[in-house]
There are 2 protein chains.
Amino acid sequence: MSLQNLISGKELSKIILTKIKDQVTKMVGEKPQLVIVQVGNNPASNKYIQHKLRACEYTGIIGTHLVFPETISQVDLEKQIITLNQEEQVHGIIVQLPLPKQIDEQRINEIISVTKDADGFNPATLGKVVLNTSTIFPATPAGIVKLLEWKNIELAGTNVVIIGRSNIVGKPLANMLINKSATVTVCNTKTKNLQEIAAKANILVSAAGSAKLITPKFVNENMTIIDVGANFVDGKYCGDVDFESVQPLVKYITPVPGGVGPMTIACLLENTLTSFKNQQIATKN
Amino acid sequence: MSLQNLISGKELSKIILTKIKDQVTKMVGEKPQLVIVQVGNNPASNKYIQHKLRACEYTGIIGTHLVFPETISQVDLEKQIITLNQEEQVHGIIVQLPLPKQIDEQRINEIISVTKDADGFNPATLGKVVLNTSTIFPATPAGIVKLLEWKNIELAGTNVVIIGRSNIVGKPLANMLINKSATVTVCNTKTKNLQEIAAKANILVSAAGSAKLITPKFVNENMTIIDVGANFVDGKYCGDVDFESVQPLVKYITPVPGGVGPMTIACLLENTLTSFKNQQIATKN
């Protein structure tokens, strides 16, 4: 089986991280700092945070891991974030999800300063993404756009179908691609004739979280597939695409793992670097 | 020609304004106040502002019209808005567009307090609209959703095609309908096979600003058409739809004038009332 149509997020993320490293290495004086806030001890979160810290280490961005007890109150967590907002040496803040039940996640996202919003989850960041005036973009959609642009896949006038409408992937990605003049269709679980709609796409983004959802009937030979699924089936990590049957039938496809996942981390670090630069410009003015 | 398939924005806006009037009339003490900021003396703006003030008068909302000279600087206009943000008796602020060249419109939208953002153009308001956590919605999209819901037109699982991707209509409307579980496609001037895409919609929203764009080939007999166009042809005000030929062929259609236009004003006043209520709740807490 030829795998020449793979879009390797592993490869592109390495290129991006190396570019960040080059810039950070040359910095004289202060370096960018990303603070990762964790509440409790979720095993999946531990793993994701380790990946993020390792990427920080590679690039020279200072990665700081703050862990608060599972029982922390809303008020106390907010206070911690407000403190981080005020610390001049902190340039990016992320609060690792999921959060325990007593914490209002939306409120936490609203409190993180727009100038340090490395995840891009603050409503004001998202609004600017919609208006095309933001320099920070939610990391997963940003990674997807970079993968498409890396392969010189035309976006203007292109039919893009996005399956899934989450706040962190489907909706921001749709707005970003609309701003790039794509014709964008956003589908959800209530969509009728999903298969028919998908099969006409030039670019199909599946962020449904449903293993083997995308079968050969959903695709065409000119299609680029971006698989955002992160599913576990029989202990094996896989995307939304029935990869073995679909991969030979399409023009381009991202693998899982090694596709969108590593791009998310690279874009998170790029956001941190951008926030660092924005803050330096703001201080000079 | 039967016109039984018309969706009258004139009628629904009257219902909404009367409901607002009922609420305002019952208020003891402070009444909601909307401040309309105008820069210069654009004749079209004068007319729109008169309509808004008349609606204020009808409902009992205090409508205040502030006019600044065409030559006002960015800094001075910002100062005026910051003052309005701080005035407790002001509950809604809108800055009438267009603004003269020396004014950064985006920056003005960002300065208007989210708590008084009657137009819903602040990025933080827009972000909350995307996240489905806002109580304020950009007025034109809000009016469109109300027209559809008034006629009991199903949104969940429905194919909606939006032509146009402006910051004040296409993009916010797309996000609002995505949140209502519609399958939403956003088209733009680069879209290939626009006619084919449109013809499959259950709901077609045309916000292209192009007279007679929508001809019988764009429609089907089960379609609802929302015409957001505001065009002048031979001195006559018309929408994007070639009304005479299209109206008999579809299930529902909004006329121009008397469709989306009056809804925008009604929703602007509803936003003012909502902001007033939000501020009263905030003051009590």
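Glycine is no exception: its Cβ is also placed from the backbone N, Cα and C atoms.
Caution: TrEMBL annotation is automatic and unverified by curators.
Straight from TrEMBL, the features:
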BINDING   A:GLY164, A:ARG165, A:SER166, A:ALA230  NADP(+) binding site
DOMAIN    A:7-119  domain 'Tetrahydrofolate dehydrogenase/cyclohydrolase catalytic'
DOMAIN    A:138-279  domain 'Tetrahydrofolate dehydrogenase/cyclohydrolase NAD(P)-binding'
Residues from the binding-site residues A:GLY164, A:ARG165, A:SER166, A:ALA230 that lie close to chain B, Cβ under 8 Å, in sequence order: A:ARG165
Largest tally of Cβ atoms lying within 10 Å of a Cβ, found at which of the binding-site residues A:GLY164, A:ALA230: A:GLY164
Span of A:GLY164, A:ARG165, A:SER166, A:ALA230 around NADP(+) - largest C-alpha separation, Å: 15
Segment confidence, the domain 'Tetrahydrofolate dehydrogenase/cyclohydrolase catalytic' (A:7-119), expressed as mean pLDDT: 97
Which of A:ARG165, A:SER166, all binding-site residues, has a Cβ with the fewest other Cβ atoms inside 10 Å: A:SER166
Structural state census, the domain 'Tetrahydrofolate dehydrogenase/cyclohydrolase NAD(P)-binding' (A:138-279) (DSSP three-state): 58 helix, 28 strand, 56 coil
